[in-house]
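To start, the structure itself, in structure tokens.
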Amino acid sequence: MGIPSFQTLTLPTFIFFFVSSYLLAYFRIFHNWDPKHRAEASSCFISLTHGTPAVFMAIHALTTHTTKSPSPPTFSSPNTFLHNTVLEFSISYFSIDLLHYLIFFPNDTLFILHHLATLYVFFTCRFIVQHGSFALLVLLILAEITSFCQNVWTLAGYRKADLPVAGKVFDLISLPFFAFYTIVRGIIGPLFVYKMGVFYINQMAGDSIPVWAWVSWMIVIVTAILISIVWVFDHWIDWFKRRKAMNKLA
């Protein structure tokens with residue numbers, strides 16, 4: 001553990017990328033949308049530019065073994081250069097999206113707290129603890145692998161009232177999206193987090209990750225998992241209600 005180190009230009013480069021992507025979406029792609037949905041759609045756009053690329057970047061980082069660490073990584077392994085690059089990519093995205101919420105939706109406390117907590121975990125892992133990125137990148141994959149479906153579903157939901165094709169897309173992908181999200185966030189995610197908890201509680205991290213770090217990380221991660229489960233549960237209820245109403249009309 002040491003002093004935060006900014007030895008490469010990847011972080012400012014990624015920040016510039018997400019700022020540019022947001023401005024492109026806001027002033028060009030969604031310029032004719034109503035003000036509220038224009039900002040929300042721009043947030044979805046940068047989420048699209050982050051989510052799927054982050055999954056592939058994380059997979060590449062996790063499957064690339066360095067000569068310095070030929071043994072399989074553990075939950076307390078030191079961060080590699082590629083691991084840090086992925087963390088900086090996500091730190092940049094969450095920073096810009098947090099700024100979006102602070103400007104346009106300052107009362108959206110849940111999302112603001114979510115982004116702050118996520119930034120705390122990624123920042124401390126990348127710049128202070130400098131260990132433990134293996135577990136966080138696996139969780140990043142689980143969190144972002146549903147990102148494309150979720151953003152398409154969200155964008156379609158914004159326009160389903162005035163665009164019939166948007167309504168069709170929204171209805172078409174709702175069921176597979178909810179099912180996919182439930183499997184990833186409701187089953188695979190909790191199982192992986194349980195393994196993390198067992199590893200840390202049994203002090204298998206040694207001195208690599210301080211207690212304050214892994215305890216605070218686990219609190220953030222478990223809270224995020226629980227919120228995700230509640231979120232998808234609520235949407236399952238809404239989906240069944242809509243299906244019931246449609247069947248009555250049929």
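Heads up, the Cβ atoms here are built off N, Cα and C, so glycines get one too.
TrEMBL annotations: computationally assigned, not manually curated.
A quick note: this is a predicted structure, and the numbers were derived from the prediction, not measured.
Features of the protein shown, as given by TrEMBL:
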- 36-244: domain 'TLC' (DOMAIN)
- 6-27: transmembrane segment (TRANSMEM)
- 39-61: transmembrane segment (TRANSMEM)
- 110-129: transmembrane segment (TRANSMEM)
- 135-158: transmembrane segment (TRANSMEM)
- 170-194: transmembrane segment (TRANSMEM)
- 214-233: transmembrane segment (TRANSMEM)
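For the transmembrane segment (214-233), the partner stretch with the most Cβ pairs below 8 Å, chosen from 39-61, 110-129, 135-158, is 110-129. Within the model, the domain 'TLC' (36-244) shows a mean pLDDT value of 94, rounded to a whole number.
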